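Visitor: Could you have a look at this structure, given as structure tokens, before my questions?
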Ligand SMILES: NC(=O)C1=CN([C@@H]2O[C@H](COP(=O)(O)OP(=O)(O)OC[C@H]3O[C@@H](n4cnc5c(N)ncnc54)[C@H](O)[C@@H]3O)[C@@H](O)[C@H]2O)C=CC1
Ligand SMILES: O=C(CO)COP(=O)(O)O
């Protein structure tokens, strides 16, 4: 197969990637291909050694030979010299480790100078606080940093990007200028970027689709076929649930029809390449969760996000029976068969059921981040003026 050629960027940048798992390593190769200077940090000494000496990652994307220009650093956390040397810091570690990493980055950065561009590719919600990455960034680095942070999300398996399979993603930020800078950094003939002004929606979509991929995997593992799972019933109702949660956060419903929304939902709910789908599939086949996690070898964010989402749903008073079914199987001792029986026994419901108000916790979040209602989407703004508080 002829691989598409890289297009030289207008500006060559120095990029530090934090996390050398599947996605961090893949993006290192993607950026090094067009001559950006790429440093990648791993807390795993064997990964650092492998990338530097043999240009192979011994734990993730093990079949791929990485570009020799990539410099791996670690296992010690990058020092102030490197943190202040780079133009971009790309966070490619699971969401549960994001807060501690941001604290270390902030401590090492020289606050008097212009901060590097912060880019996030993780797809999850912090369990302890039920916060989205945007809020974690505001907590650890301040609202000004959160307002210019950018989030790359969408249907994008690392395994396929390194083989330059055509891929398309959403790039979201409250700052259009920073979204554009991030898009300029990544955009290539095999990796198209679309900017999006709704980071809350994009983050929620990316996090929630992982929970629904577990549901879809469970259905597949139980032997259910097409009507039930992929392309049809379960995925469509998952999209309705995601949109319901998202709009009660003030996100645009259109974001759930974007690459980060339905695009990633379809991808992750219909492929055994997905770790979240695989977790569900193995649960549906009767395996034990602890054993699945121990043997997966890589993160499945939906497992932890399910916990956070369970608490969020209660706080928002939003109904999401599929997500609650996944939570019950993961943490409530419910079998996959019981979950399926309960979902199919629900009374008939209206199909279009978006909420007509922004919930109180979301108003508090928007206030904290300095987001005005009209910033998010026209619909959210209109609804907030007519909906009950
Ligand atoms: N693999 C993929 O195709 C894609 C992954 N993502 C997202 O990117 C994020 C990272 O995923 P992967 O790279 O696939 O995961 P992975 O499991 O392959 O690698 C995770 C990396 O993060 C490191 N890590 C874990 N906890 C850490 C902590 N507390 N502090 C520092 N480092 C830590 C691990 O040592 C490892 O290097 C996840 O949120 C995932 O949902 C997004 C799009 C595609
Ligand atoms: O988010 C992904 C692709 O877009 C990767 O999905 P998994 O984390 O389920 O493997």
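A Cβ is built for glycine as well, from the same backbone N, Cα and C atoms used for every other residue.
Given the structure is predicted, the values throughout are model-derived calculations rather than measurements.
Heads up, here are the entries from TrEMBL:
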type: ACT_SITE; residues: 209; note: active site, proton acceptor
type: BINDING; residues: 19, 20, 21, 22, 23, 24, 158, 275; note: NAD(+) binding site
type: BINDING; residues: 123, 275, 276; note: substrate binding site
type: DOMAIN; residues: 14-177; note: domain 'Glycerol-3-phosphate dehydrogenase NAD-dependent N-terminal'
type: DOMAIN; residues: 198-339; note: domain 'Glycerol-3-phosphate dehydrogenase NAD-dependent C-terminal'
Visitor: Since the record lists 20, 158 as binding-site residues, which of them has the fewest other Cβ atoms within 10 Å of its Cβ?
Guide: 158
Visitor: For a three-state summary based on DSSP, what are the helix, strand and coil counts in the domain 'Glycerol-3-phosphate dehydrogenase NAD-dependent C-terminal' (198-339)?
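Guide: Counts, helix then strand then coil: 104 helix, 0 strand, 38 coil.
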Visitor: Quick check for the class: what is the C-alpha distance, in angstrom and rounded, between the residue listed as 'active site, proton acceptor' and residue 276 (substrate binding site)?
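Guide: Between the Cα atoms of the residue listed as 'active site, proton acceptor' and residue 276 (substrate binding site), the distance comes to 9 Å.
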Visitor: Tell me the Cβ neighbour count for residue 123 (substrate binding site), meaning other Cβ atoms within 10 Å of its Cβ, over all protein chains shown.
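Guide: So the Cβ neighbour count for residue 123 (substrate binding site) comes to 30.
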Visitor: Hey, does DSSP put residue 22 (NAD(+) binding site) in a helix, a strand, or just coil?
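Guide: Assignment for residue 22 (NAD(+) binding site) reads helix.
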Visitor: Could you pull the average pLDDT for the domain 'Glycerol-3-phosphate dehydrogenase NAD-dependent N-terminal' (14-177)?
Guide: 96
Visitor: If the criterion is a C-beta within less than 6 angstroms of any ligand 2 atom, which of the binding-site residues 22, 23, 24, 158, 275, 276 pass it? List them in sequence order.
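Guide: Those binding-site residues that pass the cut-off, since their Cβ is under 6 Å from ligand 2, are 275, 276.
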Visitor: Can you list the residues of the same chain, besides 123, 275, 276, whose Cβ falls within 8 Å of the substrate site's Cβ centroid?
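Guide: Here the non-site neighbours turn out to be 210, 213, 268, 274, 277, 299, 300, 301, 302.
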Visitor: Could you measure between residue 123 (substrate binding site) and residue 23 (NAD(+) binding site) for me? Cα positions, answer in whole angstrom.
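Guide: So the alpha carbons of residue 123 (substrate binding site) and residue 23 (NAD(+) binding site) sit roughly 11 Å from each other.
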Visitor: Sorry to bug you, but what's the C-alpha spacing from residue 276 (substrate binding site) to residue 24 (NAD(+) binding site), rounded to the closest Å?
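Guide: With the alpha carbons as reference points, the distance is 18 Å.
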Visitor: What number of additional C-beta atoms lies within 10 angstroms of the C-beta atom of residue 275 (NAD(+) binding site)?
Guide: 24
Visitor: Can you check what DSSP calls residue 123 (substrate binding site), collapsed to helix, strand or coil?
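Guide: Looking at the DSSP assignment, residue 123 (substrate binding site) belongs to neither helix nor strand, so coil.
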Visitor: Under 8 Å Cβ-Cβ from residue 21 (NAD(+) binding site), six or more apart in the same chain: what's there?
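Guide: Once residues fewer than 6 apart are set aside, residue 21 (NAD(+) binding site) is near 59, 60, 92, 93, 298, 299.
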Visitor: Between the Cα atoms of residue 23 (NAD(+) binding site) and residue 276 (substrate binding site), what distance do you get, rounded to the nearest Å?
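Guide: Residue 23 (NAD(+) binding site) and residue 276 (substrate binding site) have their Cα atoms 15 Å apart.
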Visitor: How many Å separate the two farthest-apart Cα atoms among the NAD(+)-binding residues 19, 20, 21, 22, 23, 24, 158, 275?
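Guide: 18 Å is the greatest Cα spacing among the residues binding NAD(+).
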